[in-house]
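Notes to accompany the following structure.
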């Protein structure tokens with residue numbers, strides 16, 4: 001009887017381990033989907049947006065004219 005239990009026990013443990021991994025994946029997915037509230041009228045946000053836009057424009061310009 002003990003042999004039978006040892007043979008089925010690893011499979012049961014393995015299935016439980018897979019369920020735990022699945023739950024961990026769902027928690028991680030929920031964290032990624034969490035909505036972040038950013039104040040778009042804040043001066044810091046506007047300053048950051050202008051900096052990002054400027055860098056992007058320079059990148060596009062270099063991409064379009066690589067000789068410069």
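Cβ atoms here come from the backbone N, Cα and C positions, even for glycine.
Computed from a predicted structure; not experimentally measured.
Taken from Swiss-Prot, the feature region 'Disordered' applies to 1-45. Marked as compositional bias 'Polar residues' by Swiss-Prot: 1-16. The phosphothreonine annotation in Swiss-Prot covers 8, and the record cites similarity to another entry as its basis. What Swiss-Prot records for 18-31 is compositional bias 'Basic and acidic residues'. Per Swiss-Prot, the feature domain 'IQ' maps to 45-68.
Sorting the domain 'IQ' (45-68) by DSSP state (H, G, I as helix; E, B as strand; all else coil) yields 20 helix, 0 strand, 4 coil. When averaged over the domain 'IQ' (45-68), pLDDT in the model lands at 91.
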